[in-house]
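These come from Swiss-Prot:
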BINDING   14-21, 91-95, 153-156  GTP binding site
DOMAIN    5-240  domain 'tr-type G'
MOD_RES   Gly2  N,N,N-trimethylglycine
MOD_RES   Lys3  N6-methyllysine
MOD_RES   Lys3  N6,N6-dimethyllysine
MOD_RES   Lys30  N6-methyllysine
MOD_RES   Lys79  N6,N6,N6-trimethyllysine
MOD_RES   Lys316  N6,N6-dimethyllysine
MOD_RES   Lys316  N6-methyllysine
MOD_RES   Lys390  N6-methyllysine
REGION    14-21  region 'G1'
REGION    70-74  region 'G2'
REGION    91-94  region 'G3'
REGION    153-156  region 'G4'
Amino acid sequence: MGKEKTHVNVVVIGHVDSGKSTTTGHLIYKCGGIDKRTIEKFEKEAAELGKGSFKYAWVLDKLKAERERVITIDIALWKFETPKYYVTVIDAPGHRDFIKNMITGTSQADCAILIIAGGTGEFEAGISKDGQTREHALLAFTLGVRQLIVAINKMDSVNWSEDRYNEIVKETSNFIKKVGFNPKAVPFVPISGWNGDNMIEATTNASWYKGWHKETKEGKATGKTLLEAIDAVDPPTRPSDKPLRLPLQDVYKIGGIGTVPVGRVETGVIKPGMVVTFAPAGVTTEVKSVEMHHEQLPEGLPGDNVGFNVKNVSVKEIRRGNVAGDSKNDPPKGCDSFTAQVIIFNHPGQISAGYSPVLDCHTAHIACRFDELIEKIDRRSGKKVEDSPKFVKAGDAAIVRMIPSKPMCVETFTEYPPLGRFAVRDMRQTVAVGVIKSVEKSDKGAGKVTKAAQKAAKK
């Protein structure tokens with residue numbers, strides 16, 4: 001096996017008919033974690049149903065059904081390998097809560113793959129009328145995704161026309177530049193997801209195609225296929241050197257063991273013997289043990305979903321949405337208010353001070369009041385366009401001071417990204433997204449410090 005490969009997370013975006021499912025399905029099918037038995041089973045069913053040509057998208061539909069049926073997602077279904085990386089597709093697009101998932105999502109995407117339909121008329125529809133592609137690209141950029149790959153799909157439907165390809169590259173470059181990406185750093189790859197052309201092996205249908213190239217701070221890279229473009233992603237840095245932040249997903253009471261909070265380590269490291277503080281609950285105690293998949297761990301690192309056993313704390317004292325951190329190293333605190341850059345997506349009316357929607361930030365789900373609209377800004381450059389606007393509407397971006405209706409723990413986006421981005425939910429949809437610029441933390445003295453914590457401190 002040799003050295004473990006680095007893990008990278010990609011998110012696939014694009015218009016609803018761009019062929020995202022087919023393309024994603026193809027990569028997973030050819031390079032992925034689906035075992036051969038499952039594939040044979042699907043192929044047999046496909047043949048019986050007269051879907052004999054076996055469309056990759058159909059595999060993906062089957063996987064989606066499995067994924068929705070099985071509560072513990074078999075994430076192998078959403079992984080594939082490149083020579084350098086293990087790649088996880090964070091969200092199968094087309095998902096209703098795509099936007100919310102990208103924000104509160106299990107992980108920060110390291111790279112976005114934008115799939116563009118190259119068919120006559122399709123490209124134009126995807127980019128112009130339907131704002132969805134733009135919205136998703138803007139969202140990825142706002143949430144700190146700086147690496148992008150553009151796959152120009154359905155090239156078979158335009159006979160691999162060089163003119164058509166160049167036209168789309170030009171238009172798409174303008175489009176992504178408006179969003180904030182640098183086109184020089186973006187590989188453009190012509191593909192046919194349906195036929196699997198130029199996805200894994202270089203196409204033989206386009207003698208004119210000399211390959212893609214990109215230039216980033218890390219240097220230059222070139223290649224032919226989509227797989228090579230994914231393999232050329234700059235390796236992500238994982239924040240294990242930062243102080244611990246672990247938002248709780250659940251808290252269990254387990255007979256014979258006691259209280260076991262569960263969650264994903266976002267930054268830092270959690271170890272047995274560490275004294276942790278839960279915010280905003282204000283409870284401090286010692287970590288007895290850390291485990292993942294029913295195995296004891298010497299430490300939990302960023303990205304690990306862990307359960308940890310804590311002493312002298314009842315299930316009633318801590319809950320989902322609380323954040324655990326190291327009591328000796330920038331411990332987390334609750335906040336009285338925070339200031340954020342908010343982009344309004346799809347709200348039918350005008351939003352003014354006093355608006356109180358629900359915020360989803362990491363695992364917390366709490367109503368917050370838009371207390372003051374400080375300024376309206378240009379959503380690309382971040383420059384101020386208006387002081388103290390009376391209201392904001394869909395398409396606007398603003399700096400807003402927000403007050404949570406009950407104690408919550410958030411951080412600035414620059415220091416702790418997963419705790420500094422949020423979705424604004426109202427009318428059963430995501431109406432806005434935000435990144436937190438500053439936090440007014442509440443200094444409500446130390447809360448409960450357990451005997452175990454005091455003992456551990458003396459060691």
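Including glycine, each Cβ sits where the backbone N, Cα and C put it.
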For the region 'G4' (153-156), sequence-distant contacts whose Cβ falls under 8 Å of one of its Cβ atoms, 6 or more beyond its ends:
18-19, 22-23, 115-119, 122, 165, 190-195, 197-198, 203, 205-206
With DSSP, how much of the region 'G4' (153-156) is helix, how much strand and how much coil, in residues?
2 helix, 1 strand, 1 coil
Just to be sure I understand the packing, how many Cβ atoms besides its own are within 10 Å of the Cβ of Lys316 (N6,N6-dimethyllysine)?
9
Cα-to-Cα gap, Met155 (GTP binding site) vs Lys316 (N6,N6-dimethyllysine), nearest whole Å:
58
For Lys20 (GTP binding site): DSSP state (helix, strand, coil):
helix
DSSP three-state assignment (helix, strand or coil) for Lys316 (N6,N6-dimethyllysine):
coil
Tell me which of the recorded positions Lys20, Lys30, Lys79, Lys390 sits in the most Cβ-dense spot, judged by other Cβ atoms within 10 Å.
Lys20
Please give the average pLDDT for the region 'G3' (91-94) in this predicted model.
52
Provide, as an integer number of angstrom, the distance between the C-alpha atoms of Lys30 (N6-methyllysine) and Gly14 (GTP binding site).
22
Tell me which of the modified residues Lys79, Lys316, Lys390 ends up closest to Gly14 (GTP binding site) in space, Cα to Cα.
Lys79
Using DSSP with the three-state reduction, classify Lys390 (N6-methyllysine) as helix, strand or coil.
coil
Minimum Cα separation from Lys316 (N6,N6-dimethyllysine), reported as the residue among recorded positions Lys20, Lys79, Lys390 that achieves it:
Lys79
